[in-house]
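Structure, as structure tokens:
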Amino acid sequence: MFSWLGNDDRRKKDPEVFQTVSEGLKKLYKTKLLPLEEYYRFHEFHSPALEDADFDNKPMVLLVGQYSTGKTTFIRYLLEQDFPGMRIGPEPTTDSFIAVMQGDVEGIIPGNALVVDPKKPFRKLNAFGNAFLNRFVCAQLPNAVLESISVIDTPGILSGEKQRISRGYDFAAVLEWFAERVDRIILLFDAHKLDISDEFSEVIKALKNHEDKMRVVLNKADQIETQQLMRVYGALMWSLGKIVNTPEVIRVYIGSFWSHPLLIPDNRKLFEAEEQDLFKDIQSLPRNAALRKLNDLIKRARLAKVHAYIISSLKKEMPSVFGKDTKKKELVNNLAEIYGRIEREHQISPGDFPNLKRMQDQLQAQDFSKFQPLKSKLLEVVDDMLAHDIAQLMVLVRQEETQRPVQMVKGGAFEGTLQGPFGHGYGEGAGEGIDDAEWVVARDKPMYDEIFYTLSPVDGKITGANAKKEMVRSKLPNSVLGKIWKLADIDKDGMLDDEEFALANHLIKVKLEGHELPSELPAHLLPPSKRKVAE
């Protein structure tokens, strides 16, 4: 008797088993989170319902910046080819949102056709109306970079009233819609004319719930000298500190992302290193895409729960017959108190609550009599999903990550930075002398030999203790010197001959110049007398 109670309880505790992360996210959303969203009209307040394409699409990169900061040129630099609809110039050229995506043939799909395509993740943009859809296109082209990621180019942010009035649609709301769905948001600034307008500040604030996705690029940095660049960088960090309210510092990449010669080449090495870091960040997106989607679903579930508590609290406070309008105004004005009460009753973090002013504005237009009371079962299902099913999916996420290559984005600008003499760091540090016929250490060997013969060699070798006395003079930590010893002691006899000692000193010099040590000794650094032994 009542055995079905036990079965239901057991079913609730056992998390579902999924084949892929994408399939699991889709099923969890449709069966567990969507019913809660629909019951409390979540989509009217926050974000449209998710579709299959939102879970299946490639990682997307959103570029945001004021006009003429180099957004379109940046995409052209990554792809190493023009894309349909591309316009570049010092004036505000890009007047549309352009989704640059992989396609078999070059072409443009207009916005109205794009939002009815179930395979594209843009169907819910339909809500922004014709004024926006006439300014939204998809540029398709065959390109190796676009096989792994898609890029969203945005119109330059204007100053003054034009930004809000002449566009005909809510620009900040559209950006927020994209920000929820993309994997990386890149804010571009022009180092030559650094200016953060009030409109740009508002846009950055609209993206404030997505700081984890944000990266900053200080572009066109080759147009100013080192001293000016330091001042511009400091000014940018100060300005961002006032707009982005996070204790962590947003990562800023400095460079010149176009294929023209550097105007002031003083900081070439810095630009190359920064470009490599940015490319590595973009290349990691396909590998981390499943984790990002899982993270976004958890974020959405937490907001949906808070929204349910807010709506049900408002419903509970409303009178059944008289004085509804007066009570509605009173509740909207006292929303901060309702937030505080929900926070205390349900132990919810203040960061999970929606923006107070925005919520008040939205509630003004709502009919409170249509709100639903608290339905515990819907919330329990979401709690169960967060506690059990998400943990199961995390295991699957890790499995999928290990099966994927570390750097999945290939082609375009990503290809030229990997190999050959123009690869990053080629011929520098431990790579110095890689193409030379002569052993690179031989240049300084006479100087190292003088030191070697003062360390009392026996049968042409010095002991580890004597070598240590000399090596610690470099003031490098023991962990680094230990690694250098392992690399230099090629025959592993615990002693160093003159060539091995010279090699150890060469590696110390490499480290002192700020380069990383190799994990294994490169072939060109092997002393000539040891090359046959190593083979």
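Counting begins at 1 with the first residue displayed.
Placed from the backbone N, Cα and C atoms, the Cβ positions cover glycine too.
For the ATP site, Swiss-Prot lists Gly65, Gln66, Tyr67, Ser68, Thr69, Gly70, Lys71, Thr72, Lys220; matching the candidates Trp238, Trp258 against that entry yields Trp258. Swiss-Prot lists coiled coil at one of the ranges 78-107, 198-227, 408-437, namely 198-227. As annotated in Swiss-Prot, region 'G3 motif' covers the listed stretch 153-156 rather than the other ranges in 153-156, 161-164, 349-352.
Same-chain residues lying 6+ beyond the ends of the region 'G3 motif' (153-156) with a Cβ under 8 Å from its Cβ atoms: 62-69, 71-72, 75, 92-98, 100, 135, 167, 171, 175, 178.
Rounded to the nearest whole angstrom, the C-alpha distance between Lys71 (ATP binding site) and Glu500 (Ca(2+) binding site) is 51.
The distance from the Cα of Asp489 (Ca(2+) binding site) to the Cα of Thr69 (ATP binding site) comes to 52 Å. Each of the binding-site residues Asp491, Glu500 was ranked by the number of other C-beta atoms within 10 Å, and first place falls to Glu500.
Per-residue pLDDT, averaged across the region 'G3 motif' (153-156), gives 88.
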